[in-house]
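**Q** Okay, here's the structure, questions in a sec.
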Amino acid sequence: MFHRIEEALEDLKKGKVVIVCDDENRENEGDFIALAEYITPETINFMITHGRGLVCVPITEGYAERLQLEPMVSHNTDSHHTAFTVSIDHVSTTTGISAHERATTIQELLNPASKGADFNRPGHIFPLIAKEGGVLRRAGHTEAAVDLAKLCGAEPAGVICEIINEDGTMARVPDLIECAKQFDIKMITIEDLIAYRRHHETLVTREVEITLPTDFGTFHAIGYSNSLDTKEHIALVKGDISTGEPVLVRVHSECLTGDVFGSHRCDCGPQLHAALAQIEREGKGVLLYMRQEGRGIGLLNKLRAYKLQEEGFDTVEANEKLGFPADLRDYGIGAQILKDLGLQSLRLLTNNPRKIAGLQGYDLEVIERVPLQMPAKEENKSYLQTKVNKLGHLLNL
């Protein structure tokens with residue numbers, strides 16, 4: 001149904017249009033996307049004839065600064081915070097609306113000699129400023145267009161147009177599939193673009209290494225930063241893990257209430273301590289401590305979820321009521337850290353099959369799942385049962 005990212009890149013380099021779909025829980029839309037560097041009046045005409053949406057030009061912050069493109073509004077209330085600048089027409093155009101003149105405006109926007117004064121405001125081309133970090137920071141068509149341009153080695157700017165059906169409704173995936181077939185266009189998803197970038201780019205940096213004596217033994221502690229956000233992660237390494245043999249690994253998501261305060265609402269603290277003790281006993285292994293508090297929703301939202309649980313919601317329902325998925329964690333950064341440590345084959349300490357799938361999706365081999373079950377407490381029996389029933393955790397309760 002969808003094409004590989006590599007196939008889309010090849011077509012884009014040839015000046016062709018591709019269709020890019022976002023998540024069904026986001027806009028659930030498809031856009032025509034082309035590279036701004038190769039834009040022609042014919043491509044613009046195709047987009048406005050068969051896409052029927054608004055023609056926009058995703059650009060980097062650098063273009064906006066050079067051309068003095070101010071935000072369209074001072075207070076952006078768009079649900080997805082799409083970063084429209086003031087609309088523009090090049091001064092050489094007349095009305096600016098024809099396919100030819102829109103293409104001219106886009107071509108001049110990319111001209112390194114162009115200045116802010118070379119464009120009339122408002123106009124018929126709508127620049128959008130992509131977030132630094134692209135789809136890894138914001139999973140929108142704006143960022144997808146700029147990322148695709150960069151991956152093609154082209155100027156970091158694209159041309160996009162939403163695809164609307166003939167009856168005026170938004171085209172969804174079944175409609176987009178028919179459109180792609182009709183015009184022989186490659187179709188990809190932003191989700192696949194995110195995965196492609198995570199696989200092909202190094203996003204973590206080894207920052208500092210120390211010796212860390214603990215109650216469970218002495219570990220080699222390595223601190224990591226990553227280019228996606230400000231979160232810092234730490235790997236506690238025991239023994240020689242460079243032998244090529246499968247290594248005992250625990251990927252532990254931060255839980256301040258459980259790890260530090262000993263909360264009985266969860267089993268996180270006991271799992272952390274048990275994992276460290278088991279790695280120490282084996283004399284070799286890694287505990288990767290990921291700053292993904294509350295299955296990725298953050299400390300305050302976790303406390304809000306606890307409040308909802310006190311009102312009768314279970315842990316999954318509470319997350320969803322707050323507007324989050326049941327589990328927001330992503331294992332791409334963790335996988336890159338494990339690869340930086342030289343690991344390929346793991347014996348994974350976990351009760352969570354999704355964690356196994358998440359790591360294996362980044363070319364790490366999990367040859368064994370090592371159970372890490374803690375005795376249930378009265379306060380967390382219901383929580384653990386929900387993890388079994390709704391999240392698929394492998395626990396014997």
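Count begins at 1; order follows the chain as displayed.
Heads up, the Cβ atoms here are built off N, Cα and C, so glycines get one too.
Here Swiss-Prot flags ASP327 as active site, proton acceptor, drawing on sequence analysis. Summarising the annotation, Swiss-Prot assigns active site, nucleophile to ARG329. Among the features that Swiss-Prot reports, D-ribulose 5-phosphate binding site is placed at ARG26, GLU27, ASP31, ARG138, ALA139, GLY140, HIS141, THR142, GLU162, with the record citing sequence analysis. Residues or ranges marked as Mg(2+) 1 binding site in Swiss-Prot: GLU27. According to Swiss-Prot, the Mg(2+) 2 binding site annotation covers GLU27, HIS141. Residues annotated as GTP binding site in Swiss-Prot, with sequence analysis given as evidence: ARG250, VAL251, HIS252, SER253, GLU254, GLN271, GLU293, GLY294, ARG295, THR315, THR350, LYS355. Sequence annotations record features per position, and here Swiss-Prot assigns Zn(2+) binding site to CYS255, CYS266, CYS268. Here Swiss-Prot flags 1-199 as region 'DHBP synthase'.
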**Q** Centre the Cβ atoms of CYS255, CYS266, CYS268, go out 8 Å, and tell me which other residues of that chain have a Cβ in range of the Zn(2+) site.
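**A** Here the nearby residues are THR257, GLY258, ASP259, SER263, ARG265, ASP267, GLY269, GLN271.
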**Q** Taking the Cβ of ALA139 (D-ribulose 5-phosphate binding site) as the centre, count every other Cβ atom within 10 Å, in any protein chain shown.
**A** 20
**Q** Between HIS141 (D-ribulose 5-phosphate binding site) and ARG329 (active site, nucleophile), what is the CA-CA distance rounded to a whole number of Å?
**A** 22
**Q** Should HIS252 (GTP binding site) be counted as helix, strand, or coil on the basis of DSSP?
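**A** In three-state terms, HIS252 (GTP binding site) counts as strand.
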**Q** How many other Cβ atoms sit within 10 Å of the Cβ of HIS252 (GTP binding site)?
**A** 22
**Q** Can you tell me which recorded positions out of CYS255, CYS268, ARG329 are within 10 A of GLU293 (GTP binding site) by Cα, answering none if there aren't any?
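**A** The recorded positions passing the 10 Å Cα test are CYS255, ARG329.
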**Q** Of the recorded positions listed here (HIS252, CYS268, ASP327, THR350), which is spatially closest to ASP31 (D-ribulose 5-phosphate binding site) when Cα positions are compared?
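**A** Its closest listed neighbour, by Cα, is ASP327.
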**Q** Restricting to the region 'DHBP synthase' (1-199), report the mean pLDDT as a whole number.
**A** 94
**Q** Tell me the coarse DSSP state (helix, strand, coil) of GLU162 (D-ribulose 5-phosphate binding site).
**A** strand
